[in-house]
């Protein structure tokens, strides 16, 4: 980030020892040096802006701040800013930082290594640090009084490793950042970082960020709710087994996978909370998350097409939607694994985050098309087959489902994201609860509206209802999608 015009870079500028007989030559020589200095300053300023914007994006992007014990390899890296984990400290916060196999690209003893090192910074403080850098008040983020230096490399004393135990008593959400303010200076190192809070009288370590420490209980409670829903759904299927279609068994599979996904996530976070490591539960979580994501989007597509309960087959265009959604869900889950298992210190982390968001949006839009097609087909059938009441009921059902799917997508993708961004770090669990409640409501609505019916009301329609429905279809305005 910083730019230093040193004697090593520009040579000795002692004009007293270099008096030129030709004053014009001296003038041109000095002008050339100034132009070179200006060019380097401009390049450094561009690096400052781009690096500042990158770290600002990292601060603004909500991502999992579980801060399990992290092992990171940095190889020949000259990035001026490398963000590591985000963590919400309570008043008993601790950071354990161990760096090994440290090598520097330049061993010149005249280098100012106080401009290379680790520090902690809050989101609000970083905005002011950027302003200080742009105004020239400081030349390196480590020089700001708004950051909390953890370790600077001027303390190395020719060592290739160091360890730090840093205590943080000011409760806030911090990002661990590595700063390298020397031009063309590359660093290689292995970094092991662990952030945790000391809780209770026994000073028990809690590796989950403040505001997310109750997530294991939340996920476990929701998993019990979904297992209960699965039992209720099995009872409904048995009770009305004569009118059960394939889609109803598929809905049962989706509910069970959701319950298993939440159970594995509860165990995953519980182990991280106590030990700093998932102990293999993260693998099971990713497997069930992958299966749950694919089956949920497939279910929405199948219900939207009316498969099994309105028609026994899928049209070609509906099959194409599935051929688009399923591979995209595979890509989305791969991106999610990379995002969770690496971190913002990886140069491709932001790219994977963008890929995940883009693919998720495409999937959410794609699943709406079958519902739209079904609504249009029902409107056309209502005018031709003479079953106005039946078609009006089906049309109303699919319109309701269309609206509910849109609301579900909007809430879980936009509202929950906004909650993560604006909510205090102490209450980040509220966005998880909001998202899970919305998902639960969507599952319950879908099951209630498309449950098997022992006595189909469509078959008991009298003449008055038929006439009223026909009139309603005539007077009804075109449904705007």
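Placement of Cβ uses the backbone N, Cα and C atoms for every residue, glycine included.
Per TrEMBL, the feature transmembrane segment maps to 39-61, 218-238, 245-263, 283-309, 351-373, 401-419, 425-445. Residues annotated as domain 'CAND6/7 N-terminal' in TrEMBL: 73-197. Per TrEMBL, domain 'GOST seven transmembrane' is recorded for 216-456.
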With DSSP helix as H/G/I and strand as E/B, how many residues of the domain 'CAND6/7 N-terminal' (73-197) fall in helix, strand and coil?
22 helix, 64 strand, 39 coil
With the transmembrane segment (401-419) as the reference, find which of 245-263, 283-309, 351-373, 425-445 contributes the most Cβ pairs under 8 Å.
425-445
PLDDT averaged over every residue in the domain 'CAND6/7 N-terminal' (73-197):
90
